[in-house]
Amino acid sequence: MNSAKLIDHTLLKPESTRTQIDQIIDEAKAYHFKSVCVNPTHVKYAAERLADSEVLVCTVIGFPLGASTTATKAFETEDAIQNGADEIDMVINIGALKDGRFDDVQQDIEAVVKAAKGHTVKVIIETVLLDHDEIVKASELTKVAGADFVKTSTGFAGGGATAEDVKLMKDTVGADVEVKASGGVRNLEDFNKMVEAGATRIGASAGVQIMQGLEADSDY
């Protein structure tokens with residue numbers, strides 16, 4: 001397993017500067033991460049900087065609340081793809097899920113999948129705000145809507161990925177949909193727990209620390 005290829009090297013803080021974006025791009029190139037995940041305002045710049053690289057550009061849609069209208073999320077997606085995004089991480093309508101308005105949640109995801117035009121779509125369900133049954137339902141809706149991944153968290157809701165939630169999500173979606181763990185994955189131990197639970201992508205700002213942990217392990 002090439003661990004670096006499981007990592008979306010992430011910087012989504014609202015105060016992120018161009019200098020900080022340059023840093024994560026340079027790190028992603030050096031460690032051969034799967035992608036850099038940045039806010040939409042940075043997509044075009046990141047795509048230009050990574051044009052000669054295998055590192056993909058990932059961005060976020062309806063982020064972090066998921067409370068934008070479906071039409072807005074679809075437009076954001078189209079704009080991001082036009083600017084060079086390779087992968088889309090969208091946030092579901094969490095309130096609609098809790099209301100039991102499952103058709104609305106599914107249609108919201110489907111609109112982004114359609115707007116992404118074949119690009120990878122990951123669906124953030126914000127597990128920290130959901131109970132067991134809601135995690136299962138959100139994962140099922142992600143699968144039915146045709147997305148590629150179900151993802152745990154934005155990192156903005158006071159909690160992140162747990163191995164238990166990742167396993168539940170993976171057990172729900174089966175082989176057809178992948179699971180991305182994000183939020184609170186800060187070191188090699190966290191990384192390994194998520195992978196063992198079934199995650200095939202890790203969103204983390206600590207990608208370098210994770211890789212340094214792997215290098216230290218291999219020294220023994």
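Note that Cβ sites are derived from N, Cα and C of the backbone, with glycine treated the same way.
According to Swiss-Prot:
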- ASP89: active site, proton donor/acceptor (ACT_SITE)
- LYS151: active site, schiff-base intermediate with acetaldehyde (ACT_SITE)
- LYS180: active site, proton donor/acceptor (ACT_SITE)
What is the one among the active-site residues LYS151, LYS180 whose Cβ has the most other Cβ atoms less than or equal to 10 Å away? LYS151
What whole-number Å value do you get for the CA-CA distance of ASP89 (active site, proton donor/acceptor) and LYS151 (active site, schiff-base intermediate with acetaldehyde)? 8
Integer Cα-Cα distance in angstrom, LYS180 (active site, proton donor/acceptor) to the residue listed as 'active site, schiff-base intermediate with acetaldehyde': 4
